[in-house]
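As annotated by TrEMBL, active site applies to S696, K739. As annotated by TrEMBL, ATP binding site applies to G373, P374, P375, G376, V377, G378, K379, T380. Per TrEMBL, domain 'Lon N-terminal' is recorded for 26-221. The domain 'Lon proteolytic' annotation in TrEMBL covers 609-790.
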Amino acid sequence: MAEADIDDLIEIIEKEGNIEDIPKVIPMMPVRDVVVFTDMLLPLFVGREKSIKAIEESVEFDRYVFLSVQKDSEMEKPGPSDVYDIGTIARVQKMIKMPDGRIKALVQGISKARLVEFVQKRSFFKVRVEIISDVEPDSLDIEIEALMRNVKENSEKLLALKGEFSGDVGDLLSHIDSPGKLADLVASNLNLKVEDGQAILETTDTVARLTRVNDLLARELDLSTVQAKIQTHVKDEISKNQRDYYLREQVKAIHRELGESDDKLAEIVDFKEKIKKCKLPEECEKEALKQLTRLEQMHFDSSEASVIRTYLDCIVELPWSKTTKDFLDIKKAEEVLEQNHYGLDKAKERILEYLSVRKLNPKKKGQIICFVGPPGVGKTSLGRAIAKAMKRKFHRLSLGGIRDEAEIRGHRRTYIGAMPGRILQGLRQCGTKNPVFMLDEIDKLGNDFRGDPSSALLEVLDPEQNFEFSDHYLNMPFDLSDVLFVLTANMADTIPSALLDRMELIHISGYTRQEKVVIAKQHLLPRKLKDNGLTRRNIQFSPNAMESIVSEYTLEAGLRELERKLDSVCRKIARKIAEGQKGRFAVTCQNLTQYLGPPQYINEMDQEESQVGLATGLAWTEVGGEHLYIETSLFPGKGELQLTGQIGEVMQESARAALTYTKANQEALGIDKEAFDSNDIHIHVPAGAIPKDGPSAGIAIATALVSAFTGKKVNNKVGMTGEISLRGRVLPIGGLKEKALGALRAGINTVIIPEKNKKDLHDIPKSVKSKLTFICVKDVREVLDFALEAE
Ligand SMILES: Nc1ncnc2c1ncn2[C@@H]1O[C@H](COP(=O)(O)OP(=O)(O)OP(=O)(O)O)[C@@H](O)[C@H]1O
């Protein structure tokens, strides 16, 4: 209730007119939605034609008008039966004509009355009315007083809740001592529903009316209390937002004062969004947000802030949930492998099996595949082909020479310039959490006082542990279980045993000359032509020229050198074309020297003749199989043994064992006993700068020794490999396939091997077997019989 209304009301109550003077017949106006109570002052907007007339005509009736509520407020033209019988006689206090033709009238309720009859219905309603008097109680007993007090108090409370309470209202309420007046005053301000209002109006017993009002008031009070509560909550929310906004603005202002820009805030918001987007595991997200809060509290340019910033950058750039969808069409995968690689049947078969299992059971934690073989045989490119076939990203990390555990696992953040380990860096570069991750040269892992990288790698590779790999820098677990790790090594011997235990080795030995020629034609040359901007029309290789490049310009198990030579030929032709020369350039055996210079590897064997004290062993090195000369010389002395040529301990022991065998069997071998005491023995293995080791040269050393002591020549077309026991037994060796390829490259035609290695002949390509004769032996005597030429 506005204060102005209250003032008016007081005035009206004081100036209450004489009810007897009210005419019996007065105009009648139906009203909608509002019940007018006695003493109530109310502005009415009158728009309907009949109502306008009634109000205007009221002037003729001492400004009295009977107001009765329509039963249906929607009705535009209510008739006599559409209004309630009981209504209010009101007096028009003020009337203003509005520009749109409507009338604004201020009316004041004077008395309750009953509509007795409609005297006039046309033009406007005129009705006969009968005043209804209230039934007042005889006296105000304690109950009525209590009721009145209750109503007054609740009214004050309600007004207070709505923020409309004032001292005047309190005064007004306290001055009212009639239950009927109190009921009407409160009811007129309660915003009641029409039915409730009408019911109150029709109740003539003032106490009963007040009781009814009291009930409605109590209900309204409850409603308003709840509403106020809701509003307070909404307000709180709004004011909290406003407060936050205000504080943020203040922080901005402070930052500006401190010389820091808005960039900081933008950065924080940016980080927050990125962290949310990353979909980190719950614990990790908590930690990241904690670090972000720390960053927020720091000076923008402080060194610690930049440490945290780098850390958060690292977190948000890691592929926590990003994966590529696996493509597991085995036929297509086979095509991809075939397209990129010639031969390598075993490796391809194993890869396809792996992919098939993955297709049928994606959850199976597969074995870790490790390709073992000399450099340049296609280990890395096989890894790439796997990624291509599965449509995964590929990343390669070379482990060669990594000695520090921190390289794998990262440095703790307390170190200056700390970084995450190479594994996480790789994943960050890939941008997905399921790439094919190739760990190259696992056999070259070092280990020293800086920790053991192999134990960290164990955690990376082991499917039982790697779903929560902990990087020191990141300091939260990262799931590596979706990564497909593929390892490569040149030799299996030096792979740390704990790692070896978890791998499946796939051996890839070197290629034969024929294989190399085919690979060069089908794969390497097309690639090199493309790299150098040439086409097949620019160049023509004669078949012999390619053979020549393979045999005279390269000596390797793999294909790197060959690739370089082809590149060199292509480069030279590219230059000619760029200089303007026209035509198709032929590369033949005759003009090869123009492109590649003189041949670099003339078959050494061709230069060597069978000699006394010179045996040919076969070794298996990191770069594939190789032949190895064992030179032995005798010179007058006291029977001492000299070993040179950077040979390792195992090889030295082999040499001693071979000498002991020779001494022990001197008679059978036809050696004079004196020869051992009067001569010093020197065994040398060229090339002296390359370290050599291993027991497999045992029979070659024995052969060279016996040859030196007996003066019989060793057949230079015979190569041999086998460990020797003191009693002359020939023990098995490893890497037979590589050694055989090495022998072929060296121009050897016969290879002596231990009987126990006979089973390995199965793995040797037919083309090699057709060019080499393999002699399987059990005892050194057999070797000597075969290798030593008759005098
Ligand atoms: N069977 C093959 N068919 C076609 N190309 C091959 C084959 N094997 C190797 N290559 C090619 O030879 C080159 C050297 O191969 P790659 O780099 O994969 O060797 P690697 O075994 O990984 O060597 P390293 O041990 O030094 O890393 C690559 O260009 C590769 O495409």
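Glycine is no exception: its Cβ is also placed from the backbone N, Cα and C atoms.
Nobody curates TrEMBL annotations by hand; they come from automatic prediction.
Source: prediction; values computed, not measured.
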Three-state secondary structure, V377 (ATP binding site) (per DSSP): coil
Conformational class of K739 (active site) under the three-state DSSP mapping: helix
Sequence-ordered recorded positions from P374, V377, S696, K739 with Cβ under 6 Å of an atom of ligand 1: V377
Candidate binding-site residues G373, G376, K379, pick with smallest Cα gap to S696 (active site): G373
Other C-beta atoms that fall within 10 angstroms of the C-beta of G373 (ATP binding site): 27
V377 (ATP binding site): tally of other CB atoms within 10 A of its CB: 28
Alpha-carbon spacing, G373 (ATP binding site) to K739 (active site), which is rounded to whole Å: 13
Length of the line joining the Cα atoms of P374 (ATP binding site) and K739 (active site), in Å: 12
Shell of the ATP site beyond G373, P374, P375, G376, V377, G378, K379, T380, same chain only (C-beta within 8 angstroms of their C-beta centre): F371, T488, N490, I508, A557, G558, L559
K739 (active site) and T380 (ATP binding site), distance between Cα atoms, whole Å: 23
Cβ packing number for G376 (ATP binding site), 10 Å threshold: 21
Cα separation, K739 (active site) to G376 (ATP binding site) (Å, whole number): 17
Cβ neighbours of T380 (ATP binding site) where a neighbour is any other Cβ within 10 Å: 18
Winner by Cβ contact number (other Cβ atoms within 10 Å) across the recorded positions K379, K739: K739
